[in-house]
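This report concerns only the one structure given below.
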Protein chains: 2
Amino acid sequence: MPTNFENHISARFPFLENKKLFLAVSGGLDSMVLLHLFQQLSYEIAVLHCNFQLRGLESLGDQDFIRNYCKENNISIFTTQFDTEAFAKDYKLSTQIAARELRYNWFYELLETHSFDYILTAHHADDNLETFIINLSRGTGLNGLVGIPEQNDKIIRPLLPFSREEILKYAKENNIQWREDSSNASDKYLRNKIRHDLIPVLKQINPNFLKAFQKTQSYLQESNEMAEDASIMIYQQVAKEAGEEIHFDLNQLKKLPNYRSYLYEWLNEFGFLAWNDIYDLVDGQSGKQVFSAEFRLLKNRETLILSPIAEVSEKQEFEINENDHEVNFPLNLKLCNVSHITIESNKIIFVDAEKIQFPLILRKWKEGDSFQPFGMNGKSKKISKLFKDEKLSLIEKENSWLLCSKDQIVWVVGIRQDERFKIEKTTKKILKIELQ
Amino acid sequence: MPTNFENHISARFPFLENKKLFLAVSGGLDSMVLLHLFQQLSYEIAVLHCNFQLRGLESLGDQDFIRNYCKENNISIFTTQFDTEAFAKDYKLSTQIAARELRYNWFYELLETHSFDYILTAHHADDNLETFIINLSRGTGLNGLVGIPEQNDKIIRPLLPFSREEILKYAKENNIQWREDSSNASDKYLRNKIRHDLIPVLKQINPNFLKAFQKTQSYLQESNEMAEDASIMIYQQVAKEAGEEIHFDLNQLKKLPNYRSYLYEWLNEFGFLAWNDIYDLVDGQSGKQVFSAEFRLLKNRETLILSPIAEVSEKQEFEINENDHEVNFPLNLKLCNVSHITIESNKIIFVDAEKIQFPLILRKWKEGDSFQPFGMNGKSKKISKLFKDEKLSLIEKENSWLLCSKDQIVWVVGIRQDERFKIEKTTKKILKIELQ
């Protein structure tokens, strides 16, 4: 007679039939039940076991235990060892998150190299409840309460609707051997406290607590998805992606009484921490900025501009030689000799080739730079004044390049040409320079 | 020296200054602290006290206690008594919800009649936590976890950031007298269990649990508002309100993988309970319906149509007499004699007044009804066939009216006139009937 477990698996995951399945097995109660179950169901399975080397000999014992089991039962097994502590230290992760990272990376790698279809893990209902309470106890957002899903991508958790109690019962009825689960070692004390002191009280209040909790989590998941929908829809209304930048229209955004929630959603992944500063930016002075390690957020009139922090040093200069017809860094420029002037635009200039001196130089502007703007009869103008007149944002200023001949500015690239290098009646050789 | 409480109140609610404030006081610890606090702060206050008559003499004792206190301290007081149990029974509410309903209704009434500005209640941080856990234990959605807000509309809860412990400390330091709070009587056992067996464990796990929890609730509130934003935005995209009906465009809606969540949000308030039937409707046959007590949801091709269940019985008939120039129920019709035919439209017919017999009758169609459609040379057609050809939805069919002269149909109102009553060369008296 098929068990509850078997019925659930075939009803909920009919698509697993004839698929090749990896089972993640630590050797603990839950994963040994998972393994036993899938042996009965006669799918094509192989076992994956990670040794995280967190408990020395005990970890090795787990590995031996599961290896022997697979040998006796004629099941393929893949094992690996991780230096979890070192990885955690290198990437500044908690041991637990490091272990998870290593484990899933390895799983996906094997999935690909061995052409398997899915990875099954032994998470159950109490895992989700314990994680909920741990996150709640520390303070969390909705994401911390929704629980791990039954399936995401290639990972399937067929035991998720079942309680630890049901799994233990199955193990006893089927004489399953297991070793104490080592994967939760780092928060074992906490989970035990929750398991023994907290969850029993909840079950006294409502004997069907675990079922009610599963419903709660599915409702929370629905709300979470709706909140994500809103985040995407509002983003599409107020954000414009421009190259590497994202421009947020504050006039639009501020119509929403809860716009801070949206800013948080959008900017969170860019590593910002100073949220109050960011919220202040919305009504702050034009020109103010907030930084994360790799990004900057600039208030520019009625726009917030998110951009990566430029990697080119302000002092770097780039030479262009006489036989260069193309420049690809830090800008894309094309240079060629032409016989006459064609279209003019901000992106193209024509200069008298005999007036310039190679190598031309591309550099950022600095305070005090000035030039003689084309069409102003040789009157000099400060670059800073030009930028102000052109209403350039701080980021646009910083991203601007000057094309220079010795110490004279030939072109404020893409903005204004210099008078001194322009084509005249006497010009013999015309150089066309085009910004791509 | 101002206390934490006083600082919080003046910083968080500066707009209360010079306002007239009602304090909801049960006589229990929390509300007596609230009262004492606002006496110190010298606002213009008056006390509101409800006797819910749930604990007999004890309730009367509470009332006397707070009356005496107000007399001694020269504070205005308003009291009222409710037959809470009877109200709960009448409206099929839990005692607690009935009490809340009665209380807030009375509060708002007094606010208006006495021109006060705000009502202050003594809810504190532990109240929110206990409610969270009660709802969690029973199973809940996000709404059950977000907590009561610091302010909604005219209700302000100035003690919400403070714990029961802090409030107790204040009471002891200020020698405040109180009576055991009677308002939570009905779930007192439950709250005590949570207070003594559950929350201490959470505080062992994290000594700052209550503060972390307040942050959690504010994050959840943010997510909740975003989910509500999404619900409104998607509604605007897929729903069209047409008179008393709402039409949901399924082609649009089904593009969303989580459309069920939205249907639930929108239809919940209309009293539907059979959610699986509703979800099945989306891909179900045209013509299928699901009912709540007062509403129906009909699948009509690629639309779900929500409409109130008609209150007019199918068998009712309405007479129109010769000197009636207007009909206002169940339809709006205008009747007048005219000298010639003007515009024709679905909403207007012209009939030969001598061919009809008053009283005309308005009635719903029934199976077997047939008539002679205008322009079909006296050929007879079943009304059911006409409706089918006109592609009327089930609701449209049910909402259709027939205007009859004796047992002959003069007009399928708004749809098609009968041939037999049309104007001819010999017509002497023209009656114009117009649907408004």
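From the backbone N, Cα and C atoms, a Cβ is placed for every residue, glycine too.
The following features are taken from TrEMBL:
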| type | residues | note |
| --- | --- | --- |
| BINDING | B:Ser26, B:Gly27, B:Gly28, B:Leu29, B:Asp30, B:Ser31 | ATP binding site |
| DOMAIN | B:360-433 | domain 'Lysidine-tRNA(Ile) synthetase C-terminal' |
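Cβ crowding, taken as the number of other Cβ atoms within 10 Å, peaks at B:Gly27 among the binding-site residues B:Gly27, B:Gly28. Of all the Cβ atoms in the protein chains shown, 28 others lie within 10 Å of the Cβ of B:Ser26 (ATP binding site). When pLDDT is averaged over the domain 'Lysidine-tRNA(Ile) synthetase C-terminal' (B:360-433), the result is 90.
B:Ser26 (ATP binding site) carries neither a helix nor a strand DSSP state and counts as coil. In the structure as shown, the Cβ atom of B:Ser31 (ATP binding site) sits within 10 Å of 25 other Cβ atoms. Just so you know, the Cβ of B:Asp30 (ATP binding site) picks up 24 other Cβ atoms within 10 Å once every protein chain is counted.
Using a 10 Å Cβ-Cβ cutoff, B:Leu29 (ATP binding site) registers 21 neighbours.
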